[in-house]
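**Student:** From TrEMBL, here are the annotated features:
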- 82-383: domain 'SAM-dependent MTase RsmB/NOP-type' (DOMAIN)
- Cys181, Ala182, Ala183, Pro184, Gly185, Gly186, Lys187, Asp204, Asp237, Asp255: S-adenosyl-L-methionine binding site (BINDING)
- Cys310: active site, nucleophile (ACT_SITE)
Amino acid sequence: MAALTLRGVRELLKRVDFATVPRRHRHKKKWAATEPKFPAVRLALQYFDMTYSVQFGDLWPSIRVSLLSEQKYGALVNNFAAWDHVNAKLEQLSAKDFVNKAISHWELQSEGGESAAPSPASWACSPNLRCFTFARGDVSRFPPARPGSLGVMDYYLMDAASLLPVLALGLQPGDIVLDLCAAPGGKTLALLQTGCCRNLAANDLSTSRVARLQKILHSYVPQEIRDKNRVRVTSWDGRKWGELEGDTYDRVLVDVPCTTDRHSLHEEENNIFKRSRKKERQILPVLQMQLLAAGLLATKPGGHVVYSTCSLSHLQNEYVVQGAIELLANQYSIQVQVEDLTHFRRLFMDTFCFFSSCQVGELVIPNLMANFGPMYFCKMRRLT
């Protein structure tokens, strides 16, 4: 009987002409309750077209198509693994260590008198970093990282341009270091790879992101390194760090929350261009300036800070740097000097595409032949 009834219902449904159902009784899809009428990725592209076409002019179409294309990655070698074996494995893939290749080339030029530029010692790149990339135009992918013979992962896949702020920080052995906005953890891991951190404070306000950071540290860093108080992970409001631990650190990395331009064009999840996050997006430069000011206050006089974003926006880049420097001068009588990083442009021009018109700092722009970035970074020295 039940089967007969079910069959009857199916026959009835086939015969019903839903067009004859009165309009007031028809089901209407509620966009707000299901999916956004304008996806965040589309809103992001519209915003970028409007602002970056003005900021970059004729360069914007090539940057745009590169941002919308598949990103290139680099493989950061884990020095806590059997790194010589990892190097050999990556070389078999026809990848090259772009860091040491560039530095070796620079040293050869300097010895041969071909370059009047400063020697590597004078611009103090952070040492011991090895990151492999494929050549320009080569879109090969690295296989996923796996645990090696020493129980930690062999390498970490990241946008190779993300290594530039860490290189620019110029760590020296025995430095006390702060990574103010540390999660998800790629730059924190790179800082540890230098072998220079006497102590490293890794902070992020988001507890969920801190959990991701902890997971990376457990996967890549031996327990004895983590347990010797060399790495301290916290989840505090970074804007208050100047009050909490002022004049404390030799080197500070301030890799701030930003519009994460590439992510915003590809992922709906956690997209800052969602309509519900409009106010958050509008006040980003204020938050960024507060974080940079806190990082500078946490630095010892004579210490260095690198500010970085993965955004193309000069409102989040140069303007934030200039605003924070003015803020410290006016409110705290602290003088900050921007360090010249134009040598980075020459040093890594074979791997990355740089924007030549930054007012302060350096900007890696996406390019189809070298599809890394965007990555902005600016190095500062606290003078007083």
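Here the Cβ of each residue, glycine as well, is placed from N, Cα and C on the backbone.
Note that TrEMBL annotation is computational and uncurated.
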**Student:** Express the distance between the Cα positions of Lys187 (S-adenosyl-L-methionine binding site) and Cys310 (active site, nucleophile) as a whole number of Å.
**Tutor:** 13
**Student:** Counting Cβ atoms within 10 Å across all protein chains shown, which of the recorded positions Cys181, Ala183, Cys310 comes out on top?
**Tutor:** Ala183
**Student:** I'd like the number of other C-beta atoms within 10 A of the C-beta of Lys187 (S-adenosyl-L-methionine binding site), please.
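**Tutor:** That number is 24.
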**Student:** Write out the long-range same-chain contacts of Asp237 (S-adenosyl-L-methionine binding site), meaning residues 6 or more apart in sequence whose Cβ is under 8 Å from its Cβ.
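**Tutor:** Once residues fewer than 6 apart are set aside, Asp237 (S-adenosyl-L-methionine binding site) is near Leu205.
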